[in-house]
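*Asks:* Starting off with a structure, shown below.
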């Protein structure tokens with residue numbers, strides 16, 4: 001925090017940033033509570049084209065299907081201001097609306113085959129963490145799947161994403177009832193009727209509460225603007241083996257403090273992945289003709305970064321591969337997060353799956369950011385979710401699965417400000433800065449001219465009566481040389497050749513050349529002095 005910066009300071013009422021605070025009535029507060037435009041939310045799914053081969057331990061082959069385009073609306077409600085702590089408390093709601101017009105030719109009715117998120121997810125986690133329960137869970141899974149014959153799910157795309165896949169929990173057998181009860185308590189399924197549940201990727205989250213947040217408003221310290229204080233009444237997480245990994249670092253990603261520099265990271269904390277991610281400065285950029293800063297994200301390599309060992313299951317031996325993050329502690333399922341198509345990740349991950357084609361343009365994470373105002377003008381947050389698959393030991397159906405990280409889908413959440421918003425940024429910030437700069441230089445120029453003119457006027461007033469003694473030659477003619485070119489106006493010498501009184505007016509060129517010394521010159525002319533023309537030339 002640079003609270004000692006004279007530009008930033010701690011004055012909450014400083015005019016240059018009072019509209020950026022999350023104080024009631026400010027423009028920023030209204031936009032923070034409800035973004036006035038939807039974010040673009042795109043989903044890409046990976047269809048496994050050879051599930052039978054994979055069930056026998058073969059190499060998976062996938063084909064990407066997408067994008068399925070959604071509007072994502074973010075709204076914060078039930079807001080409470082705490083003046084003493086300078087915090088804002090709110091509940092977040094995310095709403096996704098399918099846009100078939102922007103998804104064409106895709107409709108959501110396409111059939112897709114993927115590793116079964118529910119079956120494999122549950123069995124793999126039990127095998128990893130609670131192996132003693134494997135017989136009970138395996139028996140219950142066989143009953144509700146009636147019976148279990150494969151580790152893959154073939155279903156309609158929109159059922160998988162939002163509408164839901166039916167899970168039969170009508171059996172009264174103990175293992176089946178225990179399994180269904182566990183799935184419900186974990187929030188993996190939602191009730192459909194008395195005997196069935198529904199499972200989907202996003203259905204449970206659509207239009208529902210996404211947690212109770214507390215963030216700083218930035219009134220007392222603008223550099224704290226938007227910083228997460230607590231989530232669901234917890235001031236830190238409790239899922240990693242290390243305090244640093246459990247901290248909330250940064251904002252909720254919809255707002256950032258102003259006056260950042262290229263040395264700062266853009267930090268944001270996300271409950272969807274239970275960790276903070278920091279984007280680093282990547283260079284200068286332009287957006288809509290405006291100068292910007294370009295920030296990029298790197299997931300790093302936890303194995304070779306001791307400060308990130310708290311994200312490892314058993315460091316340094318069991319850590320997520322380079323360019324990935326282990327989401328199992330957060331999601332309760334063997335899910336690995338990465339950039340799409342394993343871009344910027346361990347090459348071994350890409351080699352283990354056919355059909356992936358990573359490239360920077362489509363798969364990197366970026367932000368075009370205006371540092372002074374803290375405004376992201378164009379951004380794409382991209383994350384791929386893959387399942388960490390391995391053989392289920394002693395299982396007749398799932399015992400031959402390969403050990404592989406198999407992509408399920410990836411999501412892109414982004415927005416690019418249109419002309420309405422970039423023009424507002426241009427006229428309120430950039431042109432404002434240019435106007436301020438122009439005013440500053442205009443003030444300097446006018447001040448300089450004023451000094452010169454003022455000096456000239458003072459010079460003129462104080463030199464109205466100067467006694468001049470012309471230097472005569474032996475024959476009575478005026479002296480030539482340096483003094484010959486000097487203009488003297490007033491009375492002519494008297495008949496006795498004595499002195500006369502005449503004002504001396506310097507040229508504009510002389511004034512400009514000597515403007516810095518005008519106060520000294522003027523001081524020397526407080527009263528009339530008897531000087532010769534030659535002396536005046538030498539003096540001025």
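The backbone N, Cα and C atoms fix where each Cβ goes, glycine too.
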*Asks:* Would you please say which range out of 416-436, 437-457, 458-478 has the annotation transmembrane segment in Swiss-Prot?
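*Replies:* That would be 437-457, per the transmembrane segment entry in Swiss-Prot.
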*Asks:* Check each of the ranges 64-84, 85-105, 106-126 against Swiss-Prot and return the one annotated as transmembrane segment.
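*Replies:* Residues 106-126 are the ones Swiss-Prot records as transmembrane segment.
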*Asks:* By DSSP assignment, list the helix, strand and coil residue numbers for the topological domain 'Cytoplasmic' (1-105), in that order.
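*Replies:* For the topological domain 'Cytoplasmic' (1-105), the helix, strand and coil counts are 19 helix, 45 strand, 41 coil.
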*Asks:* Return the residue, from the listed disulfide-bonded residues 245, 310, with the maximum count of other C-beta atoms within 10 angstroms of its C-beta.
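*Replies:* Result of the Cβ crowding comparison: 245.
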*Asks:* For residue 330 (disulfide bond), which residues in the same chain are close in space, meaning a Cβ under 8 Å from its Cβ, but six or more apart along the sequence?
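*Replies:* 239, 272, 273, 274, 275 - these are the non-local Cβ neighbours of residue 330 (disulfide bond), listed in sequence order.
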*Asks:* If you compare CA-to-CA distances from residue 245 (disulfide bond) to each of the recorded positions 206, 312, 319, 418, which comes out shortest?
*Replies:* 312
*Asks:* Using C-alpha atoms, which one of the glycosylation sites 193, 206, 418 comes nearest to residue 312 (disulfide bond)?
*Replies:* 206
*Asks:* What is the interatomic distance between the Cα atoms of residue 310 (disulfide bond) and residue 193 (N-linked glycosylation site), given in whole Å?
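*Replies:* Given the Cα positions, residue 310 (disulfide bond) is 42 Å from residue 193 (N-linked glycosylation site).
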